[in-house]
Amino acid sequence: MTVKTRFAPSPTGYLHIGGVRTALFSWAFARHHKGEFLLRIEDTDLARSTAESVNIILDGMKWVGLNYDNADNVVYQTRRFDRYKEVIAELLEKGHAYYCYCSKEELEAMREKAEKEGTATYDRRWRPEAGKTLPEIPAGVQPVVRFKTPLDGVTRWADLVKGEISIPNEALDDLIIARSDGSPTYNFCVVVDDYDMGVTHVIRGDDHVNNTPKQINILKAIGATLPEYGHLPMILNEQGKKISKRSGDTVAITDFGAMGILPEAMLNYLARLGWAHGDDEFFTMEQFIEWFDLKDVSPSPSRMDLKKLYWINGEHIKITPNGKLAELVKPRLALRDIHETEKPALEDVLALVKDRAQDLNTLADECLYFYVKQTPTEADVQKHWDDEAAARMLRFAERLEGLEDWNAEAIHDLFKPFCDEEGIKMGKLGMPLRLAVCGTAKTPSVDAVLALIGKEEVLKRIRA
């Protein structure tokens, strides 16, 4: 059997990080088992689904690098209405579904009664049964189509995350599978799609647990082999509440990109939300695929921890090739009005500073003074700069100007003799030198920084 999983987002605004984690676990499960990972766009909500939202999903999947095996044949539910109608007709013909002519008022009365009695909402008055007389069909009413849910027994499944789950069928409604205008409903479309796509493992959020028995019963009615189900726990915010844009939480995957998070780090972090491999916190996707198993996913909710996300991101920045980092940092430097990054070469700059940043925006800031001297903070000036320091910098500039070989080692060799002559400690040279050349007291080794900026530019800045 070829393992087939799917990710089935609804294009109604943005790609949620909870959805990305679901996609990640589905993707990793398929890759671990040498199977297929498929994408389906559940766009039947015509009022909310837009082409722009579809592109947001596709762009988000591309950004995080979750490649799907049906890239040339992504399934869109709105293109499958004929297929849904075909299956509905089959269910009606075989007696697994029926027409219901209830009015909104009747359904509301049933709902109120069911709430009081704790029973299923719909009283099945239009359900055909042996020896039962159905009401007279009202004039001018377009019926819905309902599925005939089994009246006795239980629907059970061995959930790959939550364990054994069983729901008494008497607690389930005869759900509507086609509205009065003929359009199919969510739970029905999902079943037909999973069946036609050959999905073997449905991995999704645990907000779908209540949908599962309904979908299992429909699958049985159409004669399908049941997939296995795994329901993932919710991701909570740092306060332990449901993540919500309204609460100020970052929820869209694209927002994390704007925050300077690498896609590899985002996936690494999301993988650790609910799944563990011993004490391993930092790993590559190749390692994750090798290690991943749904049995290691906790059924309990996970809590966001932005500090940990940034730490993981910093670790990924350290191992990212400088050439790749340069392509990610250049646009951020352009936003800071730095467009020329050849002198010094940005890759060389990144090699020196990338250990100092946990996100790409901070990394871009760390590169600025290599190209343009920054304005020192008042605190740095008060602490490290005075007339004596200014005069000392001019004297040290003469030593620098005399260097024939401009490199970090040669620059470093000037420090001790100069400090001895001046009767100062290294801090009295290094800190003012950083301010004079870079405009900040916080830099890597000052000899390496000066070597990269270049002799002509260093002397110009000191003497400005």
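Every residue, even glycine, has its Cβ placed from backbone N, Cα and C.
Worth saying up front: this structure is predicted, and the values here are computed from it rather than measured.
If you look up Swiss-Prot, you'll see 9-19 marked as motif ''HIGH' region'. What Swiss-Prot lists as motif ''KMSKS' region' is 242-246, and the listing cites sequence analysis. Positions annotated as ATP binding site by Swiss-Prot, on the basis of sequence analysis: K245.
The DSSP breakdown of the motif ''HIGH' region' (9-19) into helical (H, G, I), extended (E, B) and coil residues amounts to 3 helix, 1 strand, 7 coil. Less than 8 angstroms from the CB of the residue listed as 'ATP binding site' sit V251, A252, each of them six or more residues away in the same chain. Taken residue by residue, the motif ''KMSKS' region' (242-246) breaks down under DSSP into 2 helix, 1 strand, 2 coil.
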